[in-house]
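Input: a single structure, listed below in structure tokens.
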Amino acid sequence: MLELVAAFICLTSLLTYVNFRFIGLPPTIGVMVTALMFSLILQGLSFLGFPGLEERVQQLISQIDFGDLLMNWMLSFLLFAGALHVNLTDLKSYRWPIGLLATFGVLIATTVIGTLAYWIFGWFGWHVSFLYCLLFGALISPTDPIAVLGVLRTANASKPLKTTIVGESLFNDGTAVVVFTVLLGIAQLGETPTVGETAMLFVHEAIGGVLFGGLIGYAVYLMIKSIEQYQIEVMLTLALVIGGSAMSTELHVSGPIAMVVAGLIIGNLGRNLAMNDMTRRYMDGFWELLDDMLNALLFALIGMELLLLPFSWSHMLAAGLLAVAILLSRFVTVAPAILLLRRWRTVPKGTIRILTWGGLRGGVSVALALALPLGPERDLLLSITYIVVLSSILLQGLSIGKLVKAVTRGEAQPSQEQNAGH
């Protein structure tokens with residue numbers, strides 16, 4: 001196990017260095033691109049009659065349980081670290097669009113994508129049940145802002161836009177996991193529960209996650225408030241994430257939602273009322289470093305999963321059609337929420353376009369696809385999910401900055417013309 005961890009960390013560090021030194025893409029996207037290039041080079045060497053290195057790396061990657069690693073460990077750390085730096089006041093200001101996108105938006109996206117996937121799979125002659133198509137809709141619906149946030153910062157995106165993207169992504173990961181878990185339970189049981197039973201299971205997972213996250217977050221906040229020793233305070237937050245994730249599994253509540261709520265409490269109450277300047281500095285430094293390291297490992301692993309998955313041209317064509325369907329569902333969920341918000345406050349021009357195009361898919365989708373039961377449906381959905389995630393990160397992630405800058409320029413020109421007129 002130690003050799004596996006050491007080898008993967010060394011490989012990821014090398015890929016990160018290559019991107020920073022020679023390629024210069026945004027960190028997470030760049031790591032994934034270099035991992036993809038590395039995978040393609042290995043496949044090229046294998047094609048030329050030198051399969052040894054590819055087989056060795058395949059053996060290394062196959063020992064990593066991506067689904068378990070991300071869903072039970074990495075996701076909790078990433079969501080807590082993300083929530084730790086979210087201003088609760090800003091989040092409250094945009095609670096309606098965030099709440100709509102993270103709850104009803106996920107449910108609508110699951111239904112729309114699942115229905116379109118059912119039709120598309122039928123066109124290709126693939127017999128996939130409607131329930132499994134809904135599972136695909138649930139696993140592909142959560143957005144992953146990790147790859148796009150750095151680009152938005154350099155593109156001078158507006159504060160409302162950043163807050164909405166971050167807030168939505170923090171909560172829609174948890175909501176999508178809950179929806180996926182409910183649908184997966186139905187698929188494994190082989191019988192359809194009543195609407196009431198399904199609603200109760202959803203409420204138990206989601207509301208239970210909120211309450212549990214609030215409980216452990218507030219408890220650790222009180223502990224931090226009672227001492228002034230930054231080493232212990234940082235260690236308490238680390239214990240919160242590790243222990244809270246394990247306990248949420250035992251309690252059958254949503255660990256991702258619990259970690260978001262706990263992170264918001266520590267990042268706001270804890271930061272403002274319980275920490276001195278030194279503790280804040282070390283707390284921020286520790287979680288920012290851990291967040292960056294885990295993201296690098298995650299995106300390197302996504303890039304190298306290429307070595308393990310079977311692909312065909314029909315898979316790629318279907319994934320292309322589904323990518324369009326996913327963008328359509330994203331627009332259908334984003335537009336009503338933003339139009340509703342415009343009734344009460346000013347919304348920057350182009351927000352719907354940016355939120356639609358900025359809804360990248362990432363590691364959570366791949367991990368959920370890996371959690372599907374073994375069978376032909378799993379192999380198909382996993383391959384298509386991987387292609388959709390790659391295309392989303394590469395195409396949308398590398399172009400969202402240009403879209404933000406174009407929209408920002410479009411806003412600036414009318415105001416300059418008005419000033420000139422005066």
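Backbone N, Cα and C define each Cβ position, glycine as well.
Annotation source TrEMBL lists domain 'Cation/H+ exchanger transmembrane' at 11-405.
Annotation source TrEMBL lists transmembrane segment at 31-50 (among others).
Positions annotated as transmembrane segment by TrEMBL: 70-88 (among others).
Annotated transmembrane segment per TrEMBL: 100-121 (among others), in sequence order. Long-range contacts of the transmembrane segment (100-121) within the same chain, counting only residues at least 6 positions beyond its ends with a Cβ under 8 Å from a Cβ of the stretch, are 127-128, 130, 133-138, 140-142, 164, 167-168, 170-172, 175-176, 179, 318, 321-322, 325-326, 328-330, 332-334, 336-337, 340, 380.
The transmembrane segment annotation in TrEMBL covers 127-149 (among others).
Here TrEMBL flags 170-189 (among others) as transmembrane segment.
Sequence-distant contacts of the transmembrane segment (201-223) (same chain, at least 6 residues past either end, Cβ-Cβ under 8 Å): 174-175, 178-179, 181-182, 185, 193, 236-237, 239-240, 243-244, 247-248, 251-266, 269-270, 273-274. Annotation comment: TrEMBL describes 201-223 (among others) as transmembrane segment.
Beyond its flanks by at least six residues, the transmembrane segment (230-247) meets 72-73, 76-77, 80, 212-213, 216-217, 220, 223-224, 255, 258-259, 262, 266, 275, 278-279, 282-283, 286-287 of its own chain at Cβ-Cβ distances under 8 Å. The annotation transmembrane segment is assigned in TrEMBL to 230-247 (among others).
The transmembrane segment feature in TrEMBL is assigned to 253-274 (among others).
As annotated by TrEMBL, transmembrane segment applies to 294-313 (among others).
Long-range neighbours of the transmembrane segment (319-342) within the same chain, counting only residues 6 or more positions beyond its ends whose Cβ lies under 8 Å from a Cβ of the stretch, are 94, 96-97, 100-101, 104-105, 108-109, 112-113, 116-117, 120, 140-141, 351-352, 355-357, 359, 361, 383-384, 387-388, 391-392. Here TrEMBL flags 319-342 (among others) as transmembrane segment.
The transmembrane segment annotation in TrEMBL covers 354-374 (among others).
The transmembrane segment annotation in TrEMBL covers 380-400 (among others).
Counting only same-chain residues 6+ beyond the ends of the transmembrane segment (70-88), those with a CB under 8 A from a CB of the stretch are 146, 163, 166-167, 169-170, 173-174, 177, 237, 240-242, 244-245, 249, 255-256, 259-264, 266-268, 283-284, 287-288, 290-291, 294-295, 297-298, 363-364, 366-368, 371. Through the fold, the transmembrane segment (253-274) approaches residues 72, 75-76, 79-88, 91, 170-171, 173-175, 177-178, 204-206, 208-214, 216-218, 220-221, 224-225, 237, 240-241, 244-245, 280, 283 of its own chain, all at least 6 residues removed from its boundaries and within a Cβ separation under 8 Å.
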